[in-house]
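J.: According to Swiss-Prot, the record shows the following:
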COMPBIAS  312-330  compositional bias 'Basic and acidic residues'
REGION    308-330  region 'Disordered'
TOPO_DOM  1-40  topological domain 'Cytoplasmic'
TOPO_DOM  62-71  topological domain 'Extracellular'
TOPO_DOM  93-124  topological domain 'Cytoplasmic'
TOPO_DOM  146-157  topological domain 'Extracellular'
TOPO_DOM  179-183  topological domain 'Cytoplasmic'
TOPO_DOM  229-264  topological domain 'Cytoplasmic'
TOPO_DOM  286-330  topological domain 'Extracellular'
TRANSMEM  41-61  transmembrane segment
TRANSMEM  72-92  transmembrane segment
TRANSMEM  125-145  transmembrane segment
TRANSMEM  158-178  transmembrane segment
TRANSMEM  184-204  transmembrane segment
TRANSMEM  208-228  transmembrane segment
TRANSMEM  265-285  transmembrane segment
Amino acid sequence: MSATPIIHLRDVKKRTGVLNAWERVRNKPQVHWAMECFAEALGVFFYVYFGLGSTAAWVIGNILKQSGLSSVFQIGFAYAFGILFAIGVCAATSGGHFNPCVTIAFTIFRGFPPLKAVRYIVAQILGAYIASALVYNQWKVLIVESELLLKQAGVYETTMFTPNGPAGIFALYLLPGAQTLPRAFLNEFVNCFVLALVIWAALDPTSFMIPPVMAPFIIAAAYAGSIWGYAVPAISLNSARDIGCRLFALTIWGKSAAGGSYSAITALVNIPATLLAAVVYELFLVDSDRVVAGSHLEFMNVAANHRRHRHQAEDDNHGDADDSSQEKPV
């Protein structure tokens, strides 16, 4: 028996008839997957929207010679806050993947349904695309002004599709002369591997040093740390952020914004890195004899006692009991 009574929101807060009717419709199994996908898209939107906005200030400020508009430090914080908002607002509905590599890892290691995984990944990429479109339109006047300034200076071709050009606000590019593809691969792989270890640790119910309420901050700090240390050599960390934003850059600037071979690194390397990190954590760091921390147990009980889940489980149990009580023909 739970140490505290199980009280659902509807027990203490009454909603209007319209909202109750809408909840009954949206929570049907045939429809609820769309709500989960909406939450995944919205979560990635938060992450990308705040990160790109800060990146736009950095890139445009440098082109227009306006100092103090942004910095790598600020960009790291912007992405970190976006992650906090994503987890805080959306994770209760979808589970809080917000990254295709996390969804793929959950599918392989934790039985996440493959069809649902495909839907999640599409939603994540869509969220990044929508965020890119909004950031572009909010910054459009200054982006166009920056492009004109680059053309007047005769450096448009050499700057536009680099981290220092307006297209670099959205799509990820190698810094010319500063990075090779093998080193970019190493940079991406190591950072994604470390980040995935942190995520897996935050999800470990025996991690008493990382209670559930702190997990969003730990994960956000890991993202920020990677950006602060390795954004300049070039880093992606999230396929949805990369693919969604690159598709938007292609929408605006055409094939020139594709990014060449480096785009494969930014879009794909985080997937094997995350899978390897999950294997390493499961093999070397998980200990089934450790005690489940009280805060994690409470979190697990809250998830398990979701009203619809409990009713479904009770219906299944009644069905099993009815089946077992019937005499089977010999």
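Here, residue 1 is simply the first one shown, and the rest follow in order.
Note that Cβ sites are derived from N, Cα and C of the backbone, with glycine treated the same way.
Since this is a predicted model, take the numbers as computed values, not measurements.
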J.: Along the topological domain 'Extracellular' (62-71), what average pLDDT does this model show?
T.: 91
J.: Counting CB pairs under 8 Å, which listed stretch among 72-92, 125-145, 184-204, 208-228 touches the transmembrane segment (158-178) the most?
T.: 125-145
J.: Report the DSSP secondary-structure composition of the topological domain 'Extracellular' (62-71) as helix, strand and coil residue counts.
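T.: For that range the per-state counts are 2 helix, 0 strand, 8 coil.
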J.: Where, among 41-61, 125-145, 184-204, 208-228, do we find the most CB pairs under 8 A to the transmembrane segment (72-92)?
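T.: Comparing 41-61, 125-145, 184-204, 208-228 against the transmembrane segment (72-92), the winner is 41-61.
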J.: How many helix, strand and coil residues does the topological domain 'Cytoplasmic' (229-264) contain under DSSP?
T.: 24 helix, 0 strand, 12 coil
J.: Restricting to the same chain and to residues at least six past its boundaries, which positions have a Cβ under 8 Å from a Cβ of the topological domain 'Extracellular' (146-157)?
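T.: Sequence-distant neighbours of the topological domain 'Extracellular' (146-157): 59-60, 63-64, 165-166.
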J.: With Cβ-Cβ distances below 8 Å as the criterion, list the same-chain residues six or more beyond the ends of the topological domain 'Cytoplasmic' (179-183) that contact it, or say none.
T.: 233-234, 261-262, 265
